[in-house]
Amino acid sequence: MTALTAAPTREARILGVGAHRPPRVIDNEEVCTWIDSSDEWIQQRTGIRTRRWAAPDVSVVDMSEDAGAKALAAAGLTGSDVDAVVLATVSYPFQTPAAAAVVAHRLGATPAAAFDVSAGCAGFCHGVALGSDLVRGGTARNVLVIGAEKLSDFTDQHDRSTAFLFADGAGAVVIGASDEPGIGPTVWGSDGGQADLIKSKFSWLDLRSSSGDAALAAEDPAEVGEDVERWPFLEQQGQSVFRWAVWQMAPVAQAAMDAAGVTAEDLDVFVAHQANGRIIDAMVKQLKLPESVHVARDIVDMGNTSAASVPLAMERAVADGHAPSGGLALLIGYGAGLSYAAQVVRLP
């Protein structure tokens, strides 16, 4: 009989973190040239002052490569040390191949396993769960987990309910072996019954024109006529998403703390998906976080970067000295699906 030899279980932790923030800054005044709104209204409703958009020739892969390289450097590793690359995104514009495979190649990680995760704004925390389990189970030595989005490609600048929200960027972490537990159990789930609350307006199949060619969006809608209206812009039912996040995500975050055996007083940093400043405020209140806990508010100048928001906010907390090395951070992502995931991690 052939034996199935299992590698010994070991612990996992985050070894390094990196980020890519596009240089172009779009303030609320510019957004208000697209839609009928005001800087005051946008800040009051979302907490966003500015957001970053990548240049037209910069891709999800480009941003992922930069963030991944920085995370590897912070961990003291190179691409050849990576056994798997997990890339969370909803804005890579190709069905295949996975963006992760291209990123792995660029970073010199070939022949590492590489795959994309599509779990909306919860994607990065899903990736952390997968990376941790791969290391703990002995399948991988080091796993590069990336959250990257170029949501500007799928933002309808004429949609008053979303034009001010979405942005671009990438964040990454390296997960490797540890003598002590460094990543707590993940509490995650989904509710597909509410899938229509956040979605693309059209599927890829809807982009086919009558001649069978793909219809492309253009700067001037007149160039493509009705086809431009069928671009898969992101849309959401904002009020319903807000209520769901405010009332149902704090219990998920609390469950992650309970699973990790920690309390709010043990935390150093709280990193929630940067969807809306008011949602973050509500979660802080419901979780009864003490003032000693630093609350990440990357949304103020980065906007909503979906799967990239948690690693971007975590990287800033570390870089700015708000997160001590070895400190505990509560992470939670939530969004399209509807999906969610949360875990407590020890910071590098």
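Any Cβ shown, glycine's included, is placed from N, Cα and C.
Small disclaimer: the values here were computed from a predicted structure and weren't measured.
What TrEMBL lists as domain 'Beta-ketoacyl-[acyl-carrier-protein] synthase III N-terminal' is 115-192. If you average pLDDT over the domain 'Beta-ketoacyl-[acyl-carrier-protein] synthase III N-terminal' (115-192) in this model, you get 95.
Note: CYS121 (active site) has non-local neighbours HIS273, ALA275, ASN304, SER306, ALA307, SER309, GLY333, TYR334, GLY335, ALA336, i.e. same-chain residues 6+ apart with C-beta under 8 A of its own C-beta. Here TrEMBL flags CYS121 (among others) as active site.
TrEMBL lists 257-346 with the feature domain 'Beta-ketoacyl-[acyl-carrier-protein] synthase III C-terminal'.
A 10 Å cutoff on Cβ-Cβ distances gives HIS273 (active site) a total of 33 other Cβ atoms nearby, all chains included. What TrEMBL records for HIS273 (among others) is active site.
Secondary structure of the region 'ACP-binding' (274-278) per DSSP, as helix, strand and coil residue counts: 2 helix, 0 strand, 3 coil. Look at TrEMBL and you will find 274-278 tagged as region 'ACP-binding'.
The active site annotation in TrEMBL covers ASN304 (among others). A 10 Å cutoff on Cβ-Cβ distances gives ASN304 (active site) a total of 25 other Cβ atoms nearby, all chains included.
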When you scan the chain for residues with a C-beta under 8 Å from the region 'ACP-binding' (274-278), skipping those not six or more beyond its ends, what do you find?
-> 45-48, 121, 241-242, 245-246, 296-300, 302-305, 309-310, 312-313, 334-335
DSSP residue counts for the domain 'Beta-ketoacyl-[acyl-carrier-protein] synthase III N-terminal' (115-192), split into helix, strand and coil = 22 helix, 29 strand, 27 coil
Look up ASN304 (active site) in the DSSP assignment and reduce it to helix, strand or coil.
-> strand
